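Comments concern the structure below.
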């Protein structure tokens, strides 16, 4: 998902915003159709792969188009407005899901979006086509493609392969080691990391010396504003995913939440994040200042981590759980909305798409690293914690059962075994929070 964003940014600069938007919608439709019609797991995975590409490209193009057609003052508010449905959708999606599964069935529940998606964006596409070809401003269209070679030269195919391929090869093993027990003991993990690192190193040399229109210009990494904003989103996503990737499991195990209630508590953070982002965008419009949002958001995030360290226990009530999620969401919304504006404010519009994609790329890399760290702590220590908290009465079969499928094999609530499992799972969040 992260590695395709710069590709769509380059296509948006070369072919046009809306032309590229149509391509991302096509990926969406193919993905939905394959998933809905899948008769095997392999076909479903293929469909999901197309869906992920479409989602990644559409999210990026939404931000780029919102940035193109808004001034710097309105930019944060415009970008956050794109995601305003996220504020309430998590709380109604559960009811929709129940009705779909019990009514038209899961296949039509997925397949209907292959019809809804193109109909929903058709008005936006027609309007944007009209505005795009009415303006034809040079800063929107810095060059014109006149031949296949011109397309190859402007798109920088070699740079795309080296950067996107190298990023993908690095993120795949990072995601692997955070989930599976074997982790770094699998030889091909080292091969992928080595090849990915070599490709990124070669990409730096190639982009600096051998191309006139680089895929990601090297001077971006010497610009302090771009560098610091990308570093901030990278570190913020690492810290967030270290503490949240196993939160759903922790809520179900230690608080005996239902799947729906656990999802609601998890998504409280996301809802307040975008609500705070909208409020911050409006404040930036009124005050014409954005740095205060990053600073204030960072302070609130630190307060949230302190509350989380105190309130991430098995005896914490619902009010405390919601308080932590709300505080973290408010801090994230303020910081990220201001941070993206800072990355875009001093660059020309011709570089807007690539800088935005680079910012999001760093965010997804941070998410992968954070998930890897959280998975390493969880997978690496859970079995020993289970042995310790279950005591001498637990045999190896029970420990392995809880370790391999803790949500599917939970003992009854209130039993000694359940208390032991709760204590074992609750011992991980504190270490993850301290690392954050």
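Including glycine, each Cβ sits where the backbone N, Cα and C put it.
According to TrEMBL, the feature transmembrane segment maps to 25-53, 74-96, 108-133, 154-176, 188-206, 226-250, 262-283, 358-379.
With a cut-off of 8 Å on Cβ pairs spaced 6 or more residues apart, the transmembrane segment (74-96) and the transmembrane segment (262-283) reach 3 or more such pairs and are scored as touching.
Of the candidate ranges 25-53, 108-133, 154-176, 226-250, 262-283, 226-250 has the most C-beta pairs within less than 8 angstroms of the transmembrane segment (358-379). Residues of the same chain lying 6 or more positions beyond the ends of the transmembrane segment (188-206) and with a Cβ under 8 Å from any Cβ of it are 158-159, 162-163, 165-170, 172-173, 176-177, 215, 218.
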